[in-house]
């Protein structure tokens, strides 16, 4: 055997004998777009997945039957039961001809019962799985998570896509954020709530379950404590959301509302420690533009302008206070006061507050200051001459 | 393989029979007898007997190679007018009778034979042991026309023809300088093909010219029919898939390269002229880049580099990502790929192979067929590949897009010989991608890059000026700076006289005429 032949044989072996034949065709995979995890009973979980059905999506090749996309749902939901998430997935896999593939999972929903019992272990599974995206959004369903997955919203083909879009525009929080918040000392996660609602089209026939991402679930570590009411949810927006874009309505008198769009908001905090107890002062600067001036207030007039921004500031402060009061009374740190102390005053934190942060939080003074400005006035209002 | 080498070696050793190197005698009949024997069974060789003064004479030429009108008017007619009283000798005939502009004397048969075959006319007169060679070549050749393979929107419209003299004159017309040297060589024991090696004496490195001449001189072959023969016989690494010698049909391209100190070889009988040494980047440059405004040239060059990568790697990347790294594709795109692949029976790799091969087949068919049928083929191909194959569920629509984009990308490479190598290399890349995924693609790219960096064209690194890096030469690689800034010749070739133009050439109101 000549050297040449030996080299060829070696190269051939390299191609054939290497363990790299792990090629997987796209059509042998079931792309999970969303997972919903519910707790059935103690140590028994139901993991539901939403999987698109490419055959029903009207692709060029698949329309051999002629308009195959009509009527049939482009996705389906199935679930498995097990003692943990992996076992549930294995249970589910037994019913699936295609391999579950989690790389494209963008949404993870926990049912309310599951969230109340704590979901940290389930989230850690996601980190352990190399396929999973840490950038998947985490949401909490008011009822069962599987019900949200079954929703058939009108706009997007999959409810997961709808949820992802809506979570992104609300204060969407990802797996990474949640795990960070759970692990950080002195910070508790706040997670958007997702629920279904019927299409409100009066007597119209086309009623589907629409998906609604609205409100905030307040957690203590990884355990759900309460669902914020509307006012507290707005407080969560002011405190936690980075993107300022929002339309906001406040009242300046009886039946006189002004709609503004928030252009910018900036939250700062300072703290001081008095007698071993820290106190925080939050300052929120808000810039807004008037969208609708129903009250016909003359914005060029200083008095009426101040009346407008006064009512706005008061309303915002009330919302923030409502959230902070409710959460601190339960020993929950939504804003991350403790995390701030941990970073900036670590010695005192370790000595005094680390072990009893919940009780410290209850007696901590939090002063909230709101400075609002209205910079653009599309409708400057009329001045009524007396 | 080894046996083939042996055959070649053996052939090289075997003696090629040579014409006897006899001198011409004074006896005309003997001479004619000898020549007629040499040209036995050659009906196109004409022996025309005339009597001039009192001497018998013969005019010998190959019909079709000479300008017969001129020979009739300036040689035959003049000779026939001589009266027997005139005393004749070859000098007298040369100086007083024949009015053809080029007349030389020969006294050896070997050279005489070559002159006849080259298209010259021979005059043999009785009692003289010298032959007169009348240089009146003629015959039909293609007129100068725009080259089909390298058409431009702006630029000269003339292209080389099959005639060596026309071609050298086309270059001479561009460079009116006595520095332009045209060295002549004859290669091919049977074809006796003339070669002209062109270079600018003051710019081309002497070692380079020497090397080129040496490599040409060691060629021993029976025939050279196209410059491709010469290219493969003198290039540095014939096993490399990349062309190391550029060929062109455009005189302006040759002139521009000569001005950068390169050497060009014109081969008689083909319009394709060789330019050497070359670098990889020359193959993605078109002559028009230098004629259009530089903005568009910069844009087009960057576009070509991008498309070069696409032409080489796109099917491979698609195969790798779609069958190994599904997480890299955006979800919605992945779902539409999955949807269109739902009914496809083949793996992505096989699908890609089928499509690429049928595309190559179509392209080949389009080139070989007569132009009228070629159009029908392309319509058929577009139907088969574009629509029917997708609807029948044999290939998926994204694959069609990938293959056609790749095809278009490979068409943007200005030099056809590089485009061929890219087309070929696409297949090993695809195979690597099908086996190893992106890892394979990266591996293949590394091997390719290493090879490109190692390759040399007549001693000049093939990947220069990128590797080895020469910052100053980069102004004419991915971009082209405006002409007023192109002040130096490429350092790789020209060492002695690097300055191409004056400084401060940029027009501005502040510059005084000096």
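Residue 1 is the first one shown; counting continues down the chain.
Keep in mind that glycine also has a Cβ here, set from the backbone N, Cα and C atoms.
TrEMBL does not curate its annotations; it predicts them automatically.
Just so it is clear, the model here is predicted, and its values are computed rather than measured.
In TrEMBL, the annotation transmembrane segment applies to B:396-418, one of the ranges B:235-257, B:258-280, B:396-418. From the options B:187-209, B:210-232, B:302-324, the stretch TrEMBL describes as transmembrane segment is B:302-324. Long-range contacts of the transmembrane segment (B:369-390) within its own chain (CB-CB distance under 8 A, at least 6 residues past either end) are made by residues 340, 355, 358-359, 362, 396-397, 400, 403-404. Stretch with the largest number of CB pairs closer than 8 A to the transmembrane segment (B:396-418), among B:302-324, B:344-362, B:430-452: B:302-324.
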